[in-house]
Structures are given as C-alpha cells and as structure tokens.
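Colleague: Once you've had a glance at the structure underneath, I'll fire off some questions.
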Amino acid sequence: MEKLDHLKSAVASLSQISENEKNGFINLVARYLSGEAQHIEWSKIQTPTDEVVVPYDTLAPTPDDPAETKKLLDKLVVLKLNGGLGTTMGCTGPKSVIEVRNGLTFLDLIVIQIEHLNLKYGCNVPLVLMNSFNTHDDTLKIVEKYSKSNIDIHTFNQSQYPRLVVEDFSPLPSKGQAGKDGWYPPGHGDVFPSLKNSGKLDAFLSQGKEYVFVANSDNLGAIVDLKILHHLIKNKNEYCMEVTPKTLADVKGGTLISYEGKVQLLEIAQVPDEHVNEFKSIEKFKIFNTNNLWVNLNAIKRLVEADALKMEIIPNPKEVDGIKVLQLETAAGAAIRFFDHAIGINVPRSRFLPVKATSDLLLVQSDLYTLVDGFVIRNKARANPANPSIELGPEFKKVGNFLSRFKSIPSIIDLDSLKVSGDVWFGAGIVLKGKVTIAAKSGVKLEIPDGAVIENK
C-alpha cells in the first residue's frame, strides 16, 4: 500500500493529464499490485459450442428492403483504433496514413467505404477514430481533407498514462522526463472508458445509435457487415467478437473458450508453460480473435459507470534512456466476459487482412486483390484459399525502401511462397509462381529483369 500512496501523491501533481486519467491509472496499478491476475484452471476449459461461436454461414440473410437496411445502419457507429504509429514500417506519423493501394491510405479506404454505405442506403453511419497522444495532432490535419465528404468524422484521444519506473514505482514524468517518452497509451482495452469520458458515447446514444463496430485501422478486411449487425440486434447480444480459423501463422493469437459458463478470451500470456504447445496447436484451439468487435453502446455505458470492466492486465516492460519502465495495458477483446449474451462469430478469413509489415503490403498491392468502392477484394483467379507466405529481408523492412526496390509489384496469383534476402531489386511485370527463393550474395546487387517469369526456383 505504501507503494500506491507514494504513487498517488506523485500522480496528483502531474498537470498534463485529467482527473479521469489519473483515477484510471491509479485503479489499474492498484489492480496490478493486488495480484488479482486470473488463474485459468486448464481442466475447466471447454470448446465453445455453435451457440456461443456462431458459424457465419448460419446467420440469417439481411432484409431485402433497403428501408429496413437503412434502419439497421442508422443504429451503427464505426470506430477505428488509430493510436498506432507506423514505426515498425519505417514511417513517422499514424500508421493509417501509409499508402496501401492506388495511392490511397488505410484512412482513405475506410472513408470511401463508409461514404459508399451512406450513399447507397441514405443512412448516416459516423466514423470515429480513437487516437493516442502520438497520433492525435497528425490525424486532425489529415481528417481535414474529408471535410466535404458525406460522413461525420469524430476523433477522441485514448488515455495518456505515465510510464512507471520499475526501481521505485514512481511515474517517469516526475523524474524529469518531460517529453512524450514519459507517457504511454494503455492498449485498446481503454476504448470503453475513453469513449465514455470523451462525451462521444452519450452523444451517440442520444442520436439513437445502439452498436459500435470496433476494428484496427490496419485491418483491410474489417468492413461493415450487415448480417452480423442484423444478428446482434435480433438476438440482443451485447458483445460479439469476430474469430476466424487459425493457420500456422496465427498460433499466438487469442482464442475464445467457454469457462465456468461464460465465453472468454484466452491469450497466450495466460497459458501455463506446460500447456503452451497445446494452445498453439490448431487441433484443440481452432479459431483466433481478429479484433473486429461489435459492442452495444448502452452496455458499455452501464459497465463503465459501474467500473465493472476489469480486463486482464498486460504488463509491457520497456526501457527509456537506460531506465527500466513498466506499461500496464489492457485489450478490448478481454472485455467479452463482462457483457450479457456475448458471442463469437466464426467469419471467413477475408475479414482479417491486417498490414503489419511490408510483406503484407506486397500482398495487398499485388494482383491478388482488386479495389472496388474502397473495398479490397480478393482475386477469384487464385484457387488456393490461403495467401502465399512472404518473407522479405531487412532491406525491404521500411516502406520507402520496399517501394523503391519494385519497379512494379510482381504477379503472385500462382505463388505459394517467396523468400528474399540480400540486395535484390525487381524490374517491372515480373511473374512469380510456386515456391520461389531469391538470395543475393553478400555485397552483390541482384537485379531481376523486366518481364521475368520465375517458377519453383
């Protein structure tokens, strides 16, 4: 308790953040210190039934009448998690402004999609961006260019919490770290209290909105799905997590389980060491969380006001200027167990198309996909339902370097796997098929000529 009292007085004097943020932070630390971590009893884990994780193809069709569809959509708010920076891909500023295709950014595509819905059905689906203090200023400038579009765009900031100095449990900003490095955004589990604290939640409720569709801004597959919305409203489900079948690339993703009569998210961090391999197998745990979430707005209000959303705390150790610090974070998916009639829906893989690295950018810029009304749609010419696996060397890690090394993106419709290492440059109109490995010898520049067809070599 002494630790906590010491921290409380130090946090009280931080003028950069609001009372709500101070209280939220102290509550999070208090929960962390009390060691209330939920221990999962492995033997109690059950595989969810189809009632709990509903197969997508069993959902009822949406109403034929456009007026009925408009009624559904008028209850919806779309919220994109926009707090991330494009640092892993060598970009400064929000990740959502990286160009994905045809010179359009993630944000452009999202706006075009919602404009298209609003035009088609005469509805008014607003777009909300949850920024962090890292992305807020840039996003406001970027959003100005959409001021003429037929779409209401709202932004709010998620909480800003001080990083904790491990050694003496004091806030880093009190130690003279005045810049951005002293702070962190506490993960997307913060979306619920921040939506409420920003005043946006009450505003949307007063407009008759009922559901929010939350997704990562870098998931190009996370488009509004009328069948899901229709199902939730009809069955009064307060929370829905979209899950999709695991492939070997997703073994670390969180999965849904039935536990003591409730559906909940099981993350790899909660798994006892002796069961980690079982968790990673795709036999027992066949699905993983896409982080496409549909949540009832009234339920969010009820639970936030009751301070009932006590999601598992994810400790994230970092180092700032040689000082060991701790960030305590939460994830929005873990909130599933606090909502009534919560379900998962097992959706097609096409609803999960995240761009985390330049290898993902290669996929979505290639002929595997086409762009229609802001929707990235998979080319039917590819027979294999799985995407090719792509490994690019460090020379391709930054977006700028990646783009300069391709005169044009190769055709990869018939590609199974690609591995590139060394100083490799691609000409225009190249076709890659089967399993391809391209390695430049150390110190040698390897240029692949225009129009080359490389198959299984």
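For all residues, glycine too, the Cβ spot is worked out from N, Cα and C.
The structure displayed is predicted, hence computed values, not measured ones.
According to TrEMBL, the UTP binding site annotation covers Lys95, Gln158, Gly187, Asp218, Lys356. The annotation substrate binding site is assigned in TrEMBL to His188.
So where do these features actually land, and what's packed around them?
Modeller: Every protein chain considered, the tally of other Cβ atoms within 10 Å of the Cβ of Lys356 (UTP binding site) stands at 13.
Around His188 (substrate binding site), a 10 Å sphere centred on its CB holds 23 further CB atoms from the protein chains shown.
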Colleague: For Gly187 (UTP binding site), which residues in the same chain are close in space, meaning a Cβ under 8 Å from its Cβ, but six or more apart along the sequence?
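Modeller: Those within reach of Gly187 (UTP binding site), by Cβ under 8 Å and sequence separation of 6 or more, are Ile314, Glu329, Thr330, Ala331.
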Colleague: Need one number for the UTP-binding residues Lys95, Gln158, Gly187, Asp218, Lys356: the maximum pairwise CA distance in Å, whole number please.
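Modeller: Across Lys95, Gln158, Gly187, Asp218, Lys356, the widest Cα separation comes out at 21 Å.
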